[in-house]
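**Student:** Handing you this structure, nothing more for now.
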Amino acid sequence: MTTADQPQAVRDDAVFDLIAQEAERQRTGLELIASENFTSAAVREAQGSVLTNKYAEGYPGKRWYGGCEVVDQVEQLAIDRVKQLFNAEWANVQPHSGSSANLAVYNALIQPGDTVLGMDLSHGGHLTHGNKANFSGMRYQMVAYQLDRETERIDMEEVRRLAHEHKPKMIIAGASAYSRVIDFAAFREIADEVGALLFADIAHIAGLIAAGEHPNALPHAHVVASTTHKTLRGPRGGIILANDPEIAKQLDRTVFPGYQGGPLEHVIAAKAVAFGEALRPEFKDYARQIIKNAQALAGEFQQKGYRVVSGGTDNHLFLLDLRPQGLNGTKATRLLDANHITISKSTLPYDTEKILHGGGIRIGTPAVTTRGMTEAHMTQVADLIDRALKGEDVQAKVHDFAGGFPLP
């Protein structure tokens, strides 16, 4: 028997044991990080397939390597499915991540030093929307819009004022910690007023858009980028969508040969599987349940006296302000981690805590919804989190509760 024929456990016990530990952690814990989810077995099988052996620089029908007749079909299938999913004229499925997709959008459509208007990171934006530690903040002149202090929602008149004042070449509509519907039509209206391109980053809400549970960005945005995991429930990776053929050409050239060489065809195959799953009627039910669960869970916390940022949620996530409880995001994360409840710490609009700690936590329901939880289970989820935040040891109860919901 060759090494390649041996079972994984025989070939490398150290790695296999760690994978088994992670599988057990996922099985017995409560996963409430808004950007995480559980893929289907079919997605994992595709990603772990022999397609990982194949180099395929270029695009279907235009490769630099021979032997690409099969991976051409795989990639084209992914392209066709994601175009159908988002009603797009063009798609690129090669970006390795959401950040690399965003990088390609910037470099294809604007120049270094150009002004870009995006959401402030501390108000729910993303690192790639202009943070000074990120390429976006280093290479471009970034202007940030913030949420309304009272409503904690996007203030479109403030966006308009900043757009007219700074005349950005690009406006970004999208967020990583914003719980309300994004009005892409209103963003496009402002972009047109100042002659800017509208870039929609839908990484967090892509699955909700695909299911019709959030307005589609593409009829309004010049370009759309997203991850393929999170609410879309696929492998970790990125996509870019557009309708304008000239913009599409620029984006294709920027992804390859501009920033990437060989695409990860095993990941693209897994993307194709996930897109196929998202096209099924039951995915609409899943996306709808994500939102129902998030709203129910937010309501449970409000009944317990916690402050939910903006008063609720329209999507898959919400933010809890823990400052009234004498906690910050870092302290809360430690308390919850000790009980095998995973969330992410978060800054809050107009936060008074240091950015490294944040004044609260971000909670999301995609993963627990994948496991089969419904609104009825959110009472117990909220109770376990509340007790853990108060210093109780609820680890055994978390294990018992989570163990009743199988992983896909």
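Residue numbering: from 1, along the chain as shown.
Yeah, the Cβs are placed from backbone N, Cα and C, and that goes for glycine too.
The (6S)-5,6,7,8-tetrahydrofolate binding site annotation in Swiss-Prot covers Leu121, Gly125, His126, Leu127, Glu246, and the record cites sequence analysis as its basis. Swiss-Prot lists Lys230 with the feature N6-(pyridoxal phosphate)lysine. Per Swiss-Prot, site 'Plays an important role in substrate specificity' is recorded for His229.
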**Student:** Other than its own, how many Cβ atoms are within 10 Å of the Cβ belonging to Leu121 ((6S)-5,6,7,8-tetrahydrofolate binding site)?
**Tutor:** 23
**Student:** Need the DSSP three-state call for Glu246 ((6S)-5,6,7,8-tetrahydrofolate binding site) to compare against my parser.
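**Tutor:** Once the DSSP labels are grouped into three classes, Glu246 ((6S)-5,6,7,8-tetrahydrofolate binding site) ends up as helix.
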**Student:** So which one is it: of the recorded positions His126, His229, Lys230, which has the fewest other Cβ atoms within 10 Å?
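**Tutor:** Each of the recorded positions His126, His229, Lys230 was scored by Cβ atoms within 10 Å; lowest is His126.
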**Student:** Can you check which residues sit near Gly125 ((6S)-5,6,7,8-tetrahydrofolate binding site), meaning Cβ under 8 Å from its Cβ, same chain, 6 or more apart in sequence, and list them in order?
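**Tutor:** Sequence-distant Cβ neighbours: Gly118, Met119, Asn131, Ala144, Ile172, Gly174, Ala175, Ser176.
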**Student:** Using all protein chains in view, find how many other C-beta atoms are within 10 Å of the C-beta of Glu246 ((6S)-5,6,7,8-tetrahydrofolate binding site).
**Tutor:** 8
**Student:** What's the CA to CA span in angstrom from His229 (site 'Plays an important role in substrate specificity') over to His126 ((6S)-5,6,7,8-tetrahydrofolate binding site)?
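**Tutor:** Cα-Cα distance, His229 (site 'Plays an important role in substrate specificity') to His126 ((6S)-5,6,7,8-tetrahydrofolate binding site): 16 Å.
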**Student:** Can you tell me how far the Cα of the residue listed as 'N6-(pyridoxal phosphate)lysine' sits from the Cα of His126 ((6S)-5,6,7,8-tetrahydrofolate binding site), in Å?
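**Tutor:** Cα of the residue listed as 'N6-(pyridoxal phosphate)lysine' to Cα of His126 ((6S)-5,6,7,8-tetrahydrofolate binding site) measures 15 Å after rounding.
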